[in-house]
Amino acid sequence: MDGDRMEIDGGIMEGGGQILRVSTALSCVLGLPLRVRRIRAGRSQPGLRPQHLSGLEIVRDLCDGKLNGGEIGSTEITFTPGKIKGGTHIADTKTAGSVCLLMQVAMPCVLFAASPSELHLKGGTNAEMAPQIDYTVMVFKPIVEKFNFTFNCDIKRRGYYPQGGGEVVVKMSPVKELSPINLTERGTVTKIYGRAFVAGALPIKLAKDMSAAAVRCIRREIRDLYINIQPVREPDNQAVGTGSGIIIVAETSTGCLLAGSSLGKRGKNADKVGIEAAEMLLQNLKHGGTVDDSLQDQLIIFMALAKGVSRVKTGPITLHTQTAIHFAEQLTKAKFTVAKSEEEDTSNDTYIIECQGMGMINPNL
């Protein structure tokens, strides 16, 4: 701490934008002034990229905060939060930067606002190195709402690499406090479904090929389940640019949702895209956890803020998750433990992440 400003080293562990998202969201919620140094220090282009800057700006706007060092390429920022007020806010990466990552930084803040919020998030909806918007709606949303809040996510337009141009509108109301979650029973897989999409100049045949390849791949491991992966062509008035991809979700008897996804790109065979997503899903099913690798780290901030003990069973702990836990503990009073799951089946590499949450109470309600 410098005076009463929390010091964050943005170059350690995962060393990327995630450190910025977790620490600024918590800074905003807790009213803790923050300094982040060595932002993305190990990356090929260190410092803030457009989507990180958009994320910082929307948090600043949500709480009338003060942001210094907020420019592209900056490796150090200071942030002084004010009161989180809600209302309508726009964040535009002006690139294919992920709208889902903007949502990750803004959502914890608006939960503890004084009034409902409407966020217009612009950029890439289906971007590399980030959850696809379909994942956010199909997997993240139903699971994160178990913390006892709801949100509405309306996909106005889809946008793809390189130009972006997508827009989603997220509406949510504040809560008094978050409830803990207990996700420790996987149950059995009851259905597998998904969507394979093309947009712009690409023919629907590509979507059908992705879907068929994915189904063939899953069938080798799982024979007796109906698999429904819909091939779709995004309407031209609801998509900017040309893009393709697939997301496949497995739902279990206890309500767990695990997914695999992949994006098409020039020169990448459609079968390969489908197979990649199918193999990712099978990998996530193999470890026996209740959440997949992409959801693991996204739950950490909510577990830290919730009241009471949350428990989540996962596969191997990702570096993103270790990073989120490190900074959540540094900024909140939450205490995490990660222990190997004690199961009869020792071949499973499963862990229990347990968190005694800080029990954040919304001071504005």
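Placement of Cβ uses the backbone N, Cα and C atoms for every residue, glycine included.
A TrEMBL annotation is a machine prediction, not a hand-curated record.
These come from TrEMBL:
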- 13-338: domain 'RNA 3'-terminal phosphate cyclase' (DOMAIN)
- Gln104: ATP binding site (BINDING)
- 184-286: domain 'RNA 3'-terminal phosphate cyclase insert' (DOMAIN)
- His320: active site, tele-AMP-histidine intermediate (ACT_SITE)
Pairwise Cα distance for the residue listed as 'ATP binding site'/His320 (active site, tele-AMP-histidine intermediate) [Å, integer]: 13
Gln104 (ATP binding site): tally of other CB atoms within 10 A of its CB: 23
Neighbour count (Cβ, 10 Å) for His320 (active site, tele-AMP-histidine intermediate): 20
Residues in the domain 'RNA 3'-terminal phosphate cyclase insert' (184-286) grouped by DSSP into helix, strand and remaining coil: 38 helix, 37 strand, 28 coil
